[in-house]
Amino acid sequence: MPTGFTGRDIISIKELNKKEILLVLNQAEKLKRAPEPELLKGCVMGSCFFEPSTRTRLSFETAMQRLGGSVIGFADPGVSSATKGETLYDSIRIIGQYADVITMRHPLDGAARRAAEATEKPIINGGDGANQHPTQTLLDLFTIRECQKRLTNLSIAMVGDLKYGRTVHSLAQALIHFQPTFYFVAPDFLQMPDHLLEQLREAGIKYSLKKTIEEVVNKVDILYLTRIQKERFSDISEYEKAKNLYVLDVPLLAKAKPNLRVLHPLPRVNELSPAVDSTPYAYYFEQAANGLYVRQALLGLVLGKL
Amino acid sequence: MRAYKVFAIKDGTVIDHIPNGKGLRLIAALKLNDMNTVLTMGTHFTSKRLGRKDIVKIEHKELSPSEVNQVCLFAPTATINIIREHKVVKKFTVAVPPVFTELVICPNSRCITNHERTPSTFYPLADGERLRLRCHYCEKIFSHEEVSLR
Ligand SMILES: [Zn+2]
């Protein structure tokens, strides 16, 4: 049965409906249980990283290789033609002649959409500036479902820089399909943007705005932490005050429900104490590892092999 | 003599009720200069509705609503008259088109459209009285007042 994914670009999580999201998650789950080392044999993935992101790049490249495919591309814009003034459009058009699928990351918003216009080959967006990073959202959803055994009706706290954080915006939007209750934990000036809250209200999603982790830790199934960047604070004394409110340490987890799991897109700085790693609540390393299966599922789907 | 302030045309399109001073912008936005046909523009005409207005006449070329609707961002009052044999055979007003192409400049400085030649594409979001626009590339949403035009 056709999946509707063959040849399709994966640019923005907004373009996937609930059924399609679940299809990707189900395929990822299958691949996690039963690897398919021959699935993409003979296929070539172009890996185009116009901005360094070792983690995302290695995850995509490993995904392709573990499905039997091969990888061409570049990881450093210094060695690509971008520095010689070639447009993104031309670069992608050329690489599209060699590769069956292109995964890419680019520092500018909208770059993936533009790239998709340059080639008939499917583009998988691995992050375009501050805009979209759909594979991160899918691996977050996959991980939430894996550790809670469901996606619907969960209580989810998001903590940290909620104003500028692309990861939490996309995840919150994607979760609209699954009737969550949200707690947004951040200082006022880093709270979720109004347009996003408006979208949640329109969709009838319950949410509340909180100032500390302590207020929510006994209520939630998922505690999704993100990094608070010092650069966001205009007043350094404000940063000093704020930073400890958003640091998760073991004592803070004393009132947690037994099924609570802590997620974090990584890399972490100091908002997530390494002491949490050895508690049963830690699930962020599993989360990172799940990126592989979700990316495998997408590669298999857009190449028409799943 | 009113009709002859800008001479009457036999066949073509008359765009009337253009906000005063926006005629040249309209000519540029619709690329009327490239059409290689006689083009006349009048400005500061008296208008009951607008006080002052501009008028543009294009000879031997009938514009379609989908072409002209692009101007609704800066000339929402414009009316379009299709002329055949000196007679108005069709008359329509400007409406919001499904997409704006090559007209809006994305206010997001980190948008790819501001870094390499990319045909600008914006989708209007009908939202009551407010007209908001979403960039096809960076996906950001802007109010009508925030954007500038080419
Ligand atoms: Zn844009």
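Our numbering is plain: 1 for the first residue shown, then up by one each step along the chain.
For all residues, glycine too, the Cβ spot is worked out from N, Cα and C.
In TrEMBL, annotation is done automatically, which means it is predicted and not curated.
Pulled from TrEMBL:
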- B:CYS106, B:CYS111, B:CYS135, B:CYS138: Zn(2+) binding site (BINDING)
- B:5-94: domain 'Aspartate carbamoyltransferase regulatory subunit N-terminal' (DOMAIN)
- B:102-147: domain 'Aspartate carbamoyltransferase regulatory subunit C-terminal' (DOMAIN)
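In this structure, B:CYS111 (Zn(2+) binding site) is part of a beta strand by DSSP. Counting only residues at least six positions away in the same chain, the Cβ atoms of B:CYS106, B:ASN108, B:CYS111, B:THR113, B:SER120, B:THR121, B:PHE122, B:ILE141, B:PHE142 sit under 8 Å from the Cβ of B:CYS135 (Zn(2+) binding site).
Around the Cβ of B:CYS138 (Zn(2+) binding site), a 10 Å sphere holds 26 further Cβ atoms from the protein chains shown. Look at B:CYS135 (Zn(2+) binding site): DSSP puts it in a strand.
Shown for the domain 'Aspartate carbamoyltransferase regulatory subunit N-terminal' (B:5-94): DSSP residue counts in helix, strand and coil, namely 20 helix, 39 strand, 31 coil.
For the domain 'Aspartate carbamoyltransferase regulatory subunit C-terminal' (B:102-147), the number of residues in each DSSP class (helix H, G, I; strand E, B; coil) is 3 helix, 19 strand, 24 coil.
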